Structures are given as structure tokens and as C-alpha cells.
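Trainee: Pasting in a structure now, in C-alpha cells, and then I'll have a few things to ask.
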Amino acid sequence: MSDDKPKTRRPANTAFKQQRLKAWQPLLTPKSVLPTLFILGVIFAPLGAFLWHTSSSVSELVIDYTQCSKASPTLSAPTTSIAALSAPGVTAGPNVQWKYDNNQCTLVFTLPADFPKPVFLYYRLTNFYQNHRRYVKSFDPSQLKGLTVTADTIESNCKPLGKVPGSTNNAVYYPCGLIANSMFNDTISDLVTTGNNPTTYQFSDKGIAWPADASKYVKPANFDYATNVPPPNWVKKYGPAWNASNLPDLSRNERFQVWMRTAGLPNFRKLYGRNDNADLPAGTYQMTIDDNFVVTSFGGTKSVVISTVSFLGGKNPFLGYAYVAVGSVCILLSVIFAARHLYSPRKLGDHTYLSWNHQPPPNSGNN
Amino acid sequence: MTMDLTPGDIVFLKKGDKVPADLVLLSTSYEDGNCFIETSELDGETSLKRRNGLPATMHASTPAQVTQLAGRIQCELPNENLHKFEGVLYVQGADTAVPDGAHSLSSSQLLLRGSFLRNTDYCYGVVVYAGVETKIFKNLKQGGLKFSTMEDKVNTVVSLAFAYNALMLVVSMILGQQRIADVQKASWYLQAAGYVDLDGTASGLLEMFMNAFILYSYTIPVSLFVIIEAVRVIQRQFMVWDDELKSVNGRPMRVNNSNLNEDLSVVEYVFSDKTGTLTRNEMVLVKVCLGDMVTSVAELLGIKQPTDAMRQLWRCILLCNSAIPSTENGEVTYESQSPDEIALLNGIRAHVQLVQRTKNTVRFTELGVPVEVTILAVLEFNSDRKRMTVVVRDETGTVVAYCKGADNIMVPRLRCPATDPALVATTRHLHDFSEQGLRTLVFAAKPLANDAYARFQAQLDDAARALDDRDARVARVADHYERGFDLLGASAIEDRLQDQVPETIEALLASGIRVWLLTGDKTETAVNIGHSCRLVPRDMTILRIDAPTLPDLAEQMARCWDVVAAAAEGGDQLRCALVVTGDALAMALETCPRELLAIATACMSVICARVSPIQKALVVRLVKTELGVTTLSIGDGANDVSMIQEAHIGVGIEGVEGAQAVRAADFAIVEFRALLRLLSVHGRYSLQRLSYLVVYSFYKNISFITIQFLFGFWNIWSGSTNYSAWMMPYWNVLYTFLPPFLYGFLDKDVPESQLRRYPAAYMSARDASPWVWYRLVAWTVSSIWHTIVQWFGMYWLFDGTGALTVSGFTGDVYQYQWLNGITMLLIVTAKIALQSHYWTWITVAGLVISLILYVLTLGVVEGITLSQLSTGGAIDNIPIGTNSAMYATPAYWFVAAVIPVAALLPDLAVAYWQAQFRPDDATVLREEHAQLMARTYPDLAAVEPGMTKKPSLAAVAPAPITIASEGEALKTTALAPLLAPGATAASPPPRLGARAGD
């Protein structure tokens, strides 16, 4: 061996090559694991309580108006519970009443407490598979960006809503694709107080889309009205053809942009309007919704949501529960392990646990 | 040149040349047509062998004469029998001096390829077998690349993963069809009027299948095989770099086949060659014994005036041999059939040296004075006689018979009674010598009166002229006259072992490995070496199987079996060594291999002597196939190539003898002692690292993609991805590449110092490996749990919930995907962190870099696309604007922290419970190491020392095998003061302190 030979004869000898890198070698011993678990628990459980508290500080009113079309033309209370209100210190319900008239749903509800600004208005859909593979892919970014795109490209990107079927001049939908076509087209009004002196609480449709989204959309400069047709579901609102007056500017239509940003799971909320300037005072309000969007055919629901936010966003008790649960389990485990350790501790490095001290290997008698 | 040879070519060889093909000897530089060859590469024997040319050809000793030879040779078809050759040489009478005719050829005319011409200036030979037809080549087994036994396991796991893949595929297809019917067809937003609806059609089904197929194919970690290869290459480099595996002059070991790294840790049988493997292949005379006086050879130089007794002994050593001296540059060198003779002559050369030996005279110098004596008769040594006698007429005219031989043969032939003080003393010394593993010889002489000599010579000549039974007659005459000798003395020759061979063998045995010695050499030599390398302790009973005939063999084996059975009944470990010789082995292998194996495995050690290369391989094959254990062969010569190839793992020793073994081997080490470290350290680490790397790779991919399966329930099985399309392809190659890869060559489950201290830990390496069903199940359960935690964490966070930011924006599919990716990455990264026992800065860097890479790639993608957008381009489905916003969103940080903790909590709890209450060997050894460290280096705690900037000398000291082999004793002695509760950290740690530095 080269042990006591002069070092100069040894080749470059690094700790890495000799597998002698300095290393931390953690052990799962009571000394290391019990405090770790306990500290985790002590951090997580109170943190969970804090998160839960934060979530419950959010005021939120959800009204499911899916069945509004079955309501009578005069205000009445729905037969089933369609609303949920949660706000700090509030136990009273929103006392929702509704009526349906001329394709319009009117909701009347009471807010027992102020909603501090900013206040957000969402619609919430369930059982709507915005994450379906076919759906997610069905749009054409260039068309939205206002670039010239061939009909064939649109046909392939926006399948199955690219070219207009049966068109003689290769007309395409603008905007094309399943996402755009299925845009949520109920119109939700601002909130108006009921009573003698109605005041309106306005929701702005500006600042509701992710800022980066605006750059994805440009109003086409030289729009060919002959070969671009509104998608089937837009006809009701815009008519069967585009012209200079009805062509929407998608780059300024944030509700469209919000819709185009698809949701990850089949139940989702999308922002419809916001008010950053004024608290929403307690009181009784009326809201009218033009009922266009069909959800019953696929077993979905639609709701409006009025919500405030905390630093964690809207109301979501999940994080609080999760932290409390994990923290509790950590503490529980540390207690169980500590008890087991105190009851029958094991000496570390105890040779009696070595396998060869149970069954001597066949040749051990040789020495 | 060798490749150009064909049968019929005539080859000219000079002294020292290697024989390039199997040749029939024609003529040599000696007039009698003799030459000497050394066959150590073929059978491990270092002694010279004589070969003689036929009278019909031996005259042709110049190129001109040789080229005039004409004739033909008829011989057997090429075969693997090294010791047998039959043929006929027909020489045409071109030269009239030689009559036309047939001459029979035997193995004594055959020069085998791979042997060396020695002691002969030159020779001519004609090629009979060339290339692949040579005998040594026939002894080579077909090599072929060997694969690790882990390969099978990996393949099994791959199949299981495929099955899992297929299961997910089938289930999603079935559920998918149902959901399409129930939900999708009713969802107007997924349809378009006039559009040919693919749903439910064959091509729709195919599209769905392809989507699912592509997604689920992530189950198979395709990069795994690349990682395995890369890890093996680095593991190989570690072996090459390892200073402790280097030779004294810094030559590193070589790894020819790094496929077998991990199998080094599961070896159960080691088959070792002797010459050049265990021994250095050099004999040295260390001591001589004259009556009760023992003189070491080193002292001889100091003795200017040897005693008479000494001079008598020198005479005997000098004359009673067959060595041939040759003088080069004034230095006498000896060549002989027996390496012992050379050792003897070299040992006494300070006083006497041979000068020349002819047929009838020997000239030598005695203390510088030249002497010439006449050789009258020689009674050769053979394995039956075990003695050699030379009758000489010395310079004074006295006739003296000198005799040497093994002690058990010589003592009865002495004149003195057994009680003679000189003999008693000598016998005692002989016993001591052999205790020390030395080879002994006894020397004796007697003067012969002239008439006595005349009678002897006449009888001997008579016997030699006899037509029948000549050998037996000569033997009888010899036996009659080789009696009544006077004891001259005895010698002790050391067949020098390589460095630390006994310690290494002892440690291998203590590791639970069986070591079998397979040698072409003589039985006695083999047993001697077995003693001296502590393979066969001297008090161990030796069972012999050496019967020449089948009935004898059967009887012998039955006897052995009785011994074995008796021991088994008594429940004792059979303290027996089995010695089998080549011929008996050949018969046993053919007729009753299982019985032989049963006896052999019941014995502690096995020695096979006089075995041919192919027999070595057959023995290995027998053990390999019948016992189904992992075997390792180690050797240095061409004669070991077959067994090296036959064994699961072949190890070659880069010795002086050629490179064939090294080329055929999977690992080529520089010395035998390196084997221990190769197995117990490199083997163990390779197994542990690679197998967990493999299991982990499947774990992480199954976790990764099972959640994708769950996602199917929430997207009508449409094949939407749960992760960003921009990260999925890089999951294997970027984000989860480094941690397992680094684990594959950095982790150490047991500190090296502990592995040295407890050789028995070797056997537990395989117990610690994950290839047992319950560990695989545990990994699977862990994987599924992690999937479930992650899925529901994400579901509850995202499904139908409100804003996640203070800006009021709700999460989109990109954030959902991004977050899924990072939490899954955190989970699997935490999992391997929990699995790591040895955290170097590289380990930490690997973990951190993986996470950074994830953040980076998506950040870069987002950045690029944003800039594309701002310059007027359109981009495809890109998660712009939302990913970067996530970093400012507390909710995402909270969820990314809690999901991995919740996922890994059971893993930690189970791991802790196991370590604490059902600790495996590795755990206990780690704990003990930590305790030692804490006491020795209180300030460094768990950090290994030795890695401080200047490693102490102790850090590179060779393995303290002597201590290691006494694991039991160590516990009560060396460790006691350290482990005793009362011991203080201040008390100087005894031997361990210095050693803890490795």
C-alpha cells in the first residue's frame, strides 16, 4: 500500500475521487426526529388557525340562479336553498328572492353587513369542462392577435369551429374555436338598492383580466367582413354577420379575455366585475341577469358570487384545515414516539440488533 | 504475426519468446533436441518443463536445414486437453541421413501456445494448431458480455410498470367511454353543428387511446437506463481513482465491465487461483536448520567461515538438484524445473555458487574456490518418491550419495535413531517451519565405499537395461540404496504470499464468503498455501478426494459423506477442508457432481489442485448452476481465463504473467488484497446506490403520472394534462434527473470505517436492498399516498374556489398545472432526501438545482413568449402572465409547503419507527459511527472527519483487517471504553481515534 510512501508519488487526490467528501449524515433518532416533528406541529397548527381565520374574514355571497327560469314573474322566495352568505360576525341569511321575466332573472337579497372594498363579482360554473383537451386547444392565437390567418390554419387550430360549414367563400368564425363560442353570455347587472331611493353599486369590467392578457389581443386592422362570421353562440347577441358597428374589440373586452383563460378543473369561478373604490354597504339589493347561458343540458349550475378578498384571496378554508391537520398529526406523532421512546428506549448502536449476532455467518467460526 | 500463422508454418523462437501457436518441436539449440518451456500461463506451474525434438528432425538446426525438411504430420483434431497429444510425423528422406518413415508424436514434442521458451537459446517448431484451434484457445469459454443480476430485477420492475401503465390505460378507456356518453355528448360547448362528431367512433377511440398512451408512457422512466449507465461509469471511476486499490507504484485497477458493479456486493463464492494470485510467484529460502541451530539466510552474508556441517549441507543443496546455471554479466542465474531448487541455490549463493553443469560434471565455487565434482548417478525426483538422490565423486575421489526430500520420506531413511538429539531438534524446527507456512526439505548424505558404489551402479544399469517393467525395477534398486543416510540439515522455503493475503482471506471468510482455491499446481503446494493464507487453519481436518479410479472415488466420497453427515447430525460446523485433485475431480464432475458439491459445501474450505483451465470453469459452473449463488473468480494467468469468464464476476490480477486474464476479466485489480475493498466497499455502495436509484426512478414516475390518471375523472378522460406541457418532457431529464443521479454515486448507507470494522456487514448489503416484495410494496404505497395527497390538495385549493390572490383573479389552468408540477417535484425530491444518508454539498446542490431548473424553465418560457407577444407575434397555448404572478401569491407558497409535508409525514414516521424499533444492520452501524464521531470529534458531530483539508496519515492507512476480523472481540475490547456509559469524551480514544479518519 502506498500509505507511508511520500505523498508526491500519489496522483491528484481529491476528496471527491476518494469518496471522502465532507458530509452530513443525518440519523433518524429520537433526538433528531421527535423535536423536528414537534416543531413542525407547533408551527403548522397555529399557522393553520391563522389561515383559517383569514379565510373566514372574507365576506362572500353565492347565489345559484340555475333554476331561475322556473321562478315566477313576481318576486318570491326560491323553494330550495340557493344562496350562501358568510361574512365576519354575520349569522343572518341573505333572504334571497327571485323572479323570472322576459328571459331575465332578477335576484333580490340582503347584505346584513358591509363588504369592505375591493369587492369582486364572479360567476361560477360547475360541471363545465373547460379543461377538456379538445376544448382547450380550440382557438387560434394569431387570429386573436389580429394577424392574417388562412382559413385552413383556422380550420385546423379551431376544430371543430374553424371554417363555417357550407360556406361558399371559405368563411371562418371570428373568433374561432370552442372556447370563444362558448363564452359566458349572461349579462349581470350592477347592484341597485331596493327601496325609495335607489343607489347603484357599480362593478367595472376593467382590471378583471390578467394584465399580460391584453397583449394577446389586437383588433384586426383590415377586417374582411365577408369571410369572417360570428360564432354560432354569438349570433343572438351580435347578429349573423360582422359589420363595422358590431365588431367587438377583443383587446378591450376583458370578460372575453377572462373566459379565454381556461380553468383547470370543471368547477370554476371567473371574474366578471370589480369595485375597488367603495365598500359595499349593508342593505337590500337587486340584481338582474339576462339569462342566455345554458347549463342545465349538461347538468351544470351557474351562480353569481360577490366576494371580498384577504391577502390569501377569496374564501377558502382548505389551507387552514390542511395546516391544522398536518400540525396536529405532527404533534400527535411526536407524542406517540416520545411515549414509546420513554417506555422502552433503544440504545443507539446496540450490537445485539446486528443480524450476524443472531445468526452467525457460515464461516465465522474460522477465526 | 500470430494471426498469420497456419498449420505447417515453421516457427523460430528465441529464449524468452512466447510460443505463438501449438508447435511440434523440430530442433533446438541443444544437440539432443531438448528445450525447456515454462507453462505458468497455462497451468500456473512456474517450474520448467522439458520438451524434446524427435531424432528424425533434431539435426535441422539452421534455417537452411529446416527448410529442407519435408513431410507431413497427422494428428488429432483440435481439442482442449492440455496434457495429451497424439500424432504421427512422416518425414520424407530428402536428407539421406534420415530414413524415411513414421515417427510417433506425443505431448513431449508439443509446445503449447502461451508457454515461454526458457533456458534454450533457440528452437524450431512446426505449427500444428493455430489461432482458435490451439489448445489454450479451446480452453477458453466463449466470453460474451455479462449482465448484472440486477438487470433481471430491473426488467421485472419495468414489466410491472408496463402492466400498471396498461391497467391505467384500460381503465381510462372504459371509464372514458362511459363519461363521453354521460357528459361529453350532452355538453354543447364541446360540440359544433355540422361537425362530424368523433365521440364514440373508432377513430375517436383511437385518438383517445393515443392521448392516454402517450401520457401514461411517462410511467416508464426512459432516462433511467441512461442514468444507470452514467452512474456505473462514475462508480467505475471511483474504483479506478481509489488510492487504496492502487498498487504501490500508483497503478490503478481497471474495470472492463461496469455492468457488474453492484453484483460485487452479493458474491457468495470466490474461486481463486493460487500462483500469482495469492502468491507472488517467487520462492525464497528463508531459513536453514543444522541440528538444533537455525540460521536465517540473511545471516549467511555475515558468516565468513562456514562450519563443516554447513559446508556439507551446502554441498548437498548444490549437487542434489537439476538446476542449470548461466552466467550473464558475471551474475549467475539458475533455471530449473523446480522453483524450490532455485530458491535454495539463491539462498546460499553468498557461500557457494554453481558455475557449470554438464552431463557428468558439476563445477562450482566454494567460498570463491572453484571445485569440480563428477556426477556418477542421478535418481530423479518424482511425486511418488518425493526425494532425489545424486551420487558424486568429489574432488578428493570419495563417492558420496546426497539425498533431499520431504521430511516424512527422509526421516525413516536416516541412520540415526528417532531419539537422536539432532534429529529431535530438527523435527521440532521442521514443525515450527511448517507452522509458519514454510515449505520444508530435509537433506542427508552418506559416503559410499567403492565396492558398494560398484554394486549399486551395476544393479542400476541392469535395471535400466531391462526390457519390461523398467521403471519399477529402477525404483526398487533406488529404494534399496537410499537408506542409512546421515542427517545434514533442513531448509525452509517461503512461497511468498502477496501483501495481506491471509488478512484478506480471513476477512472474506468473516464476510460470509466461501473461498475455494483452484490451482493447476501440485496438491501439496496448494495445501501449503491454503495453510499459510489461513484458508485452511492447520488444525483443520482435511478430507481428500484424489482417487485415480472410479470405484476408489466412490468409496472415498462415501467416506467423506459419512464425516459430513456425522457433523450435520451433531449440528456442528464442519471444521473440514476438502482437497480434490484434477483427475478425481474430472470423474466426479462427470458421474456425481451433486454429491461432490454437497460434500464441498459442507466443508469450510475447498482446494482443487492439478485442475485444468476447463475444469476450473466446470467447478465454477457447478456451483453457479446448482447453488444459484453469485460467484466470483479471481486469477492472473491465461489458465484462469475460463473460470473468470464462467463466473458471474471475473476478476483478473494484473501480474507479471501476460494480460489474458486481465482482458477476460470484468475487473482487473493490482493485488489480491484489493478484492476485499472492491467487494465490501465498492460493491456494497454500488448495489445500494443503484438499486435505490432504480426503485426511486420508478417511484417518482409513477407518482408523477398516477395523478394524471386521477385527473382523468375530472376532464372526461380527454387526455388533458395535469402538468404544464412545457415541463412534462423535462420531468425525467431535468427536474428529477440530478437527485437520483447524484445519489447513484454519492450516497453511503454505512460509513466506510464501519464496513471495515464489521466484515459481516457484507452479507447484510443485500438485505438492505429494496428488491424484496414488501419494500417494493412500501414504495408503491408511498407513491400512491403521495399522489392522493397531492391530488386532493390541488382539488380543494382550485375546484370551484375563489380568487387565490389579493387581485381577485382566479387561478387558471396554467397556475393549476404549474403548482401541480412544483408540489409533485417537491414531494419526490423530499422523498429522495429522506432516503439519503450522506449529504455532501453536491447532494444539496443537486436538490436545489432541480427545483431551480423547474422555476427557471417555465420562467424562461414565459419571458420569451411575453417578449414575442410584445413584438407583435402570436403565441400558442402559453402560460403567460400568471406563472410569474404566483411568486407574489402567499396562497401558493402555503400550499406548496403543506402538501409535501403531508405527503412525506407517513414516510418519515415509518422510517423512524423502523430505524428506532426494527433497526437493520446499516442503521445500527450508522448510529455507532455517529457516536464514535461525536466522542472523537465532538465539534464536528455528524460530519465525517478525514475530509478536513489535510487528511491525516491514518486516514489513508490500509484497512485494519486484523481488528476487523475480530468484530466480536472488538466490541468488548476496543469499543468498550468508548461505548461504556461512564466514558468521557475527554478520555483518549484508543485505536479507533486514529482509524476513525477514513
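Using N, Cα and C of the backbone, Cβ positions are placed for all residues, glycine too.
Annotation comment: TrEMBL describes B:154-175, B:213-231, B:693-717, B:729-746, B:772-798, B:818-834, B:841-861, B:891-913 as transmembrane segment. Under the heading Mg(2+) binding site, TrEMBL lists B:D273, B:T275, B:D636, B:D640. What TrEMBL lists as ATP binding site is B:D273, B:K274, B:T275, B:E341, B:F381, B:K404, B:R439, B:T519, B:G520, B:D521, B:R610, B:K616, B:N639, B:D640. Look at TrEMBL and you will find B:662-919 tagged as domain 'P-type ATPase C-terminal'.
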Trainee: Specify the nearest of the binding-site residues B:F381, B:R439, B:G520, B:R610 to B:D636 (Mg(2+) binding site), where nearness means the distance between Cα atoms.
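Mentor: Its closest listed neighbour, by Cα, is B:G520.
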Trainee: Looking only at the domain 'P-type ATPase C-terminal' (B:662-919), what is the mean pLDDT?
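Mentor: PLDDT averaged over the stretch: 89.
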Trainee: Honestly, do the transmembrane segment (B:693-717) and the transmembrane segment (B:841-861) touch, with at least three Cβ pairs under 8 Å and pairs 6 or more apart in sequence?
Mentor: no
Trainee: To the nearest whole angstrom, what is the C-alpha distance linking B:D273 (Mg(2+) binding site) and B:G520 (ATP binding site)?
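Mentor: The separation of the Cα atoms works out to 8 Å.
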Trainee: Let me spell it out: take the transmembrane segment (B:818-834), skip the flanking residues so only those 6+ beyond its ends count, and list any with a Cβ under 8 Å from a Cβ in it.
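Mentor: Answer is 696, 699-700, 703-704, 707, 722-724, 727, 735-736, 739-740, 743, 782, 786, 789-790, 793-794, 797, 811, 847, 850-851, 854-855, 858, 879, 882-883, 886, 892, 895-896, 899-900, 903-904, 907-908, 911.
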Trainee: Taking Cα-Cα distance, which of the binding-site residues B:F381, B:R439, B:R610 are within 10 Å of B:T275 (Mg(2+) binding site)?
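Mentor: Near B:T275 (Mg(2+) binding site) by Cα: none of them.
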Trainee: Looking at the stretches B:729-746, B:772-798, B:841-861, which one shares the most CB pairs under 8 Å with the transmembrane segment (B:891-913)?
Mentor: B:772-798
Trainee: Could you tally the C-beta atoms, other than its own, that fall within 10 angstroms of the C-beta of B:D640 (Mg(2+) binding site)?
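Mentor: Summing over all protein chains shown, B:D640 (Mg(2+) binding site) has 36 other Cβ atoms within 10 Å.
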Trainee: Please give the maximum pairwise Cα distance, in Å and rounded to a whole number, for the ATP-binding set B:D273, B:K274, B:T275, B:E341, B:F381, B:K404, B:R439, B:T519, B:G520, B:D521, B:R610, B:K616, B:N639, B:D640.
Mentor: 33
Trainee: Looking at the binding-site residues B:F381, B:G520, B:R610, which has the shortest Cα distance to B:D640 (Mg(2+) binding site)?
Mentor: B:G520
Trainee: How many other Cβ atoms sit within 10 Å of the Cβ of B:D636 (Mg(2+) binding site)?
Mentor: 33
Trainee: With H, G and I counted as helix, E and B as strand and the rest as coil, say where DSSP puts B:D640 (Mg(2+) binding site).
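Mentor: Once the DSSP labels are grouped into three classes, B:D640 (Mg(2+) binding site) ends up as helix.
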Trainee: Among all the protein chains here, how many other CB atoms are within 10 A of the CB of B:T275 (Mg(2+) binding site)?
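Mentor: 28, counting other Cβ atoms within 10 Å of B:T275 (Mg(2+) binding site).
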Trainee: Let me check the 10 A CB neighbour count of B:D273 (Mg(2+) binding site). How many other CB atoms are there?
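Mentor: Looking across every protein chain shown, the total is 30.
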Trainee: For B:R439 (ATP binding site), write down the residues of its own chain that are at least 6 apart in sequence and whose Cβ falls under 8 Å from its Cβ; none is a fine answer.
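Mentor: When sequence neighbours closer than 6 are ignored, B:R439 (ATP binding site) has B:M283, B:D340, B:A492, B:I493, B:E494, B:D495, B:T525, B:N528 within Cβ distance under 8 Å.
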Trainee: Looking only at Cβ atoms, how many others are within 10 Å of the one on B:N639 (ATP binding site)?
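Mentor: The Cβ of B:N639 (ATP binding site) has 32 Cβ neighbours within 10 Å.
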